Amino acid sequence: MDKIELEKIVREKIKEMLGDSGDEFMVEASGRHIHLSEEHMKHLFGEDYKLTPVKDLSQPGQYACKERVRVIGSKGEFSGVVILGPCRNETQIELSLTDCTTIGVKGVIRESGKIEGTPGILIGVGDKFVKIDKGVIVAQRHVHMTPEDAGRLGVKDGEIVKVRVNGRRPLIFDDVLIRVKDSYKLSMHIDYDEANACGFESGTTGSIYRK
């Protein structure tokens, strides 16, 4: 049994124990990754190329791909950056604040999809490159949920809340965005900087903090 399979079993077991009526939800840590537009994907990989899904993500319809890219800033670069599918209307790269400092890109905290006024970067695959003038974000920490979840937890789409995360170093995160959609699966997303701060490990849970 590999690590991915083990983490999936742990997540499912915790969800089973919490049930649909609990106030706690799963917390997931996301590493650096990229969402490519169809145009940029074809430029980097070829006109008729199709990305290769290798792992389903927790949010329905989203997946990690086999293909990787380089992202190149003024002070350095990251190779092996995972592509998440399917393609989006605009290319977006999600880095942590530490990542941004490392490669010389300004770290702008934004909700996913809101990329106006964000920095650009150079993206490479082999001898093919694409330079984007916007799209690099530090993703605002957020909780995905359905309308039913939102009603049960007493929150609404777009609301900013505090969340207590029960990691090995429990802490309360402020400025957490609530994202509500019928297709969403209840879970909180943080990046690796935030994961390290709370002592994240597989099975970490969180809850809305109201005190």
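The backbone N, Cα and C atoms fix where each Cβ goes, and this holds for glycine too.
Of the residues Glu67, Glu77, Glu94, Glu111, Swiss-Prot places Glu94 in the same Zn(2+) 1 site as His33, His35.
When the candidates His43, His189 are compared with the Zn(2+) 2 site entry in Swiss-Prot, which names His142, His144, the shared residue is His189. Distance from the CA of Lys75 (CoA binding site) to the CA of His142 (Zn(2+) 2 binding site) is 29 Å. If you take the C-beta of Arg88 (phosphate binding site) and look for same-chain residues 6 or more apart in sequence within under 8 angstroms, you find His35, Leu36, Ser37, Gly113.
Neighbours of the Zn(2+) 2 site: apart from His142, His144, His189, residues of the same chain with C-beta atoms within 8 angstroms of the site's C-beta centroid are Arg141, Val143, Leu177, Arg179, Ser187, Met188. If you measure from the Cα atom of His189 (Zn(2+) 2 binding site) to that of His33 (Zn(2+) 1 binding site), you get 13 Å. Maximum intra-site Cα distance, CoA binding residues Ala29, Ser30, Gly31, Lys75, Asn196: 25 Å.
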